[in-house]
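Q: Below is a structure I'd like to ask you about.
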Amino acid sequence: MSSSSSSAPPPSVVPSLADLCDVHVASPTRASVVESGLLASYGSRRKFHGRIETVRCLESNPTVRSTLSTPGRGRVLVVDGGGSRRCALLGDEIARLAVANSWSGVIVNGCIRDSAIVNKLDLGVRALGTHPVKSIKTHPGERGTDVNFGGVEFVPGWWVYVDEDGVMVSEMPLHGTADPSDDASDAPSRL
């Protein structure tokens, strides 16, 4: 298992969100911060970052499962569940897939379940809350589309940084890294 999670950035290399905000919020990098208090913290990783991948789905999570079944390479999946609190879009089984496939974290504009188990996994998770009912499986949803919640646009290929203070999105990487897989040159252009 340690080899499967080795490509996700370890929590110790994640920059402080407060320090990143001091430098980048008013800069041309167009960094923006999700509204305070919207998302609760789950998973054992309190700090995580990575390139954004997105899924838009409402109360149906097959695309969440299929996405987290692919190699994450340290990315963060952002799931726009429309803010629904009527069921969970992520549970322990899908969260285990994320860990096994080297995803750094999952941010859900909706609910998760099995939080006691998810809290023990080496994964960063942010969500609106918990709900014990699982989602339906009848609507696939969309992958790789821009999503917007919490006052922030999440664009596939952009970067997200998360720690105890909040969630910040940037068009470009804001951390110094020698990892060539973090090269933003193949990120979609938004000019």
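Along the chain as shown, residues are numbered 1 onward.
Using the three backbone atoms N, Cα and C, a Cβ is placed for every residue, glycine included.
Fair warning: this is a prediction, and the values are worked out from it, not measured in the lab.
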Q: Quick one: which of 132-151, 172-191 does TrEMBL have down as region 'Disordered'?
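A: Of the candidate stretches, TrEMBL labels 172-191 as region 'Disordered'.
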Q: Calculate the distance in Å between the alpha carbons (Cα) of Asp92 (substrate binding site) and Asp114 (Mg(2+) binding site), and round it to a whole number.
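A: Between the Cα atoms of Asp92 (substrate binding site) and Asp114 (Mg(2+) binding site), the distance comes to 6 Å.
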Q: Taking only the Cα atoms, work out how far Ile94 (substrate binding site) lies from Asp114 (Mg(2+) binding site), in Å, as a whole number.
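A: About 10 Å separate the Cα atoms of these two residues.
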Q: List the same-chain residues at least 6 positions away in sequence whose Cβ sits under 8 Å from the Cβ of Glu93 (substrate binding site), in sequence order, or say none.
A: Asp114
Q: Note the Cβ centroid of Gly91, Asp92, Glu93, Ile94, Arg113, the recorded substrate site, then list each other residue of that chain whose Cβ lies within 8 Å of it, in sequence.
A: Ala88, Leu90, Ala95, Arg96, Ile112, Asp114, Ile117, Val118, Lys134
